Amino acid sequence: MSAPAVAAGPTAAGATAARPATTRVTILTGRRMTDLVLPAAVPMETYIDDTVAVLSEVLEDTPADVLGGFDFTAQGVWAFARPGSPPLKLDQSLDDAGVVDGSLLTLVSVSRTERYRPLVEDVIDAIAVLDESPEFDRTALNRFVGAAIPLLTAPVIGMAMRAWWETGRSLWWPLAIGILGIAVLVGSFVANRFYQSGHLAECLLVTTYLLIATAAALAVPLPRGVNSLGAPQVAGAATAVLFLTLMTRGGPRKRHELASFAVITAIAVIAAAAAFGYGYQDWVPAGGIAFGLFIVTNAAKLTVAVARIALPPIPVPGETVDNEELLDPVATPEATSEETPTWQAIIASVPASAVRLTERSKLAKQLLIGYVTSGTLILAAGAIAVVVRGHFFVHSLVVAGLITTVCGFRSRLYAERWCAWALLAATVAIPTGLTAKLIIWYPHYAWLLLSVYLTVALVALVVVGSMAHVRRVSPVVKRTLELIDGAMIAAIIPMLLWITGVYDTVRNIRF
């Protein structure tokens with residue numbers, strides 16, 4: 001709605017009878033439009049202040065969100081302007097400025113020294129001016145230098161390993177590389193602690209991983225009769241990564257999701273390397289599936305245990321429990337800019353232990369992402385590797401299909417998108433890897449395998465498209481998915497024992 005008002009001004013002395021003395025315009029202030037009748041032949045500077053005063057009185061009860069931040073008390077000189085255009089000259093009249101009845105104007109506050117001139121001469125220059133891409137400055141140079149350190153370290157490590165191999169595999173090489181890795185780790189700590197450079201500290205930490213893992217791998221002696229690097233060296237490198245991750249705890253920026261991912265993956269690699277080293281390589285795929293299932297199905301429990309989120313004490317009737325007993329208080333908690341004012345007010349109104357609960361909740365979310373992602377990766381790798389030719393070919397294909405279905409079902413149970421993405425990626429990666437593996441084994445049936453693969457992919461896309469308008473899973477459907485998921489997991493374990501020959505071993509036991 002608009003509030004019409006008339007701002008009277010002195011009449012021009014030489015106005016002719018053919019030209020109207022007033023002009024009806026619409027003034028836009030925020031989202032409110034107000035119709036005004038203004039003098040047409042008088043310079044605008046003679047009545048602009050009166051017009052602003054009238055509008056201020058008319059719109060004084062208008063909500064602030066309707067005005068859109070418009071402030072009648074702004075400093076400067078008021079002027080009229082067409083929307084998106086420079087202000088009109090105050091020494092001109094509305095007729096001189098080409099303002100006619102029905103024109104839309106806005107009020108702007110300008111300085112008396114403001115001058116408006118075109119910034120560009122053509123469209124190409126305008127595009128160049130509007131391009132707000134960041135320039136290459138000192139910060140960009142620092143980022144480049146930080147990222148270049150681990151990238152250049154990788155080929156240097158490769159050359160050092162080649163020299164170590166060609167010069168008799170002396171222990172001085174891994175010792176020197178390990179000392180260099182420790183020095184870089186100290187540099188990462190110094191960069192984060194004293195120079196507050198998180199990017200450089202993270203780049204140095206990545207470099208430390210490369211150096212320490214290489215040193216640990218080269219320090220493991222080759223077995224007798226072996227002339228190449230193998231499972232013992234992989235186990236040594238994975239062990240170094242595991243202990244380094246436990247020591248750094250997510251690095252300078254507390255990336256706990258990456259730390260938890262590295263820990264679980266390193267444990268799986270160590271176990272697989274040990275199995276290969278002692279001749280139990282046939283058990284590695286089944287063991288990977290079992291370990292991956294354990295991590296994926298128990299990720300929430302592991303998260304609560306590692307994050308140390310304790311349940312509040314349950315008092316007996318009549319017993320009072322202090323709020324501070326829920327969690328240990330955190331000294332001098334500092335609010336971050338990411339928190340809303342409402343959340344900050346809530347935190348300020350409760351004991352300091354609530355801040356610790358918030359920190360633990362964030363840590364739990366990061367740990368859950370890492371656990372589910374690593375468990376899914378191990379599960380997918382085991383599902384592809386477990387398929388073997390021979391008597392258990394069909395059995396192993398059934399196990400891989402069940403694992404694919406389990407990953408697809410569980411992707412709908414997680415609200416965290418990274419967890420869902422990891423499970424969906426496994427749902428796609430397992431059939432793709434199996435198809436590639438079968439084509440390598442049976443190249444004459446490649447056309448049939450590819451046709452089946454593309455048909456299944458097309459059906460999956462149709463199913464996903466048909467569920468585009470399903471915003472959430474109902475409790476009944478969710479419970480059904482959980483039951484199907486549990487039944488499939490229960491079917492996977494016996495089939496794994498069957499494939500690995502455990503049943504045959506038990507059957508052949510003689511007392």
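Positions of Cβ are set from backbone N, Cα and C atoms, glycine also.
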Look up the topology recorded in Swiss-Prot and say whether A40 and I509 end up on a common side of the membrane.
no
Which one, 144-164, 258-278, 286-306, 421-441, 483-503, has the most C-beta pairs under 8 Å toward the transmembrane segment (368-388)?
286-306
If you run through the topological domain 'Periplasmic' (504-511) with DSSP, how many residues end up as helix, strand and coil?
4 helix, 0 strand, 4 coil
Counting by DSSP secondary structure, give me helix, strand and coil numbers for the topological domain 'Cytoplasmic' (466-482).
9 helix, 0 strand, 8 coil
Return yes if the transmembrane segment (203-223) and the transmembrane segment (389-409) have at least 3 CB pairs under 8 Å (sequence gap of 6 or more), otherwise no.
no
For the transmembrane segment (421-441), what are the same-chain contacts with Cβ under 8 Å, counting residues 6+ beyond its ends?
296, 372-373, 376-377, 379-380, 383-384, 387, 389, 397, 400, 403-404, 407-408, 410-411, 414, 449-450, 453, 456-457
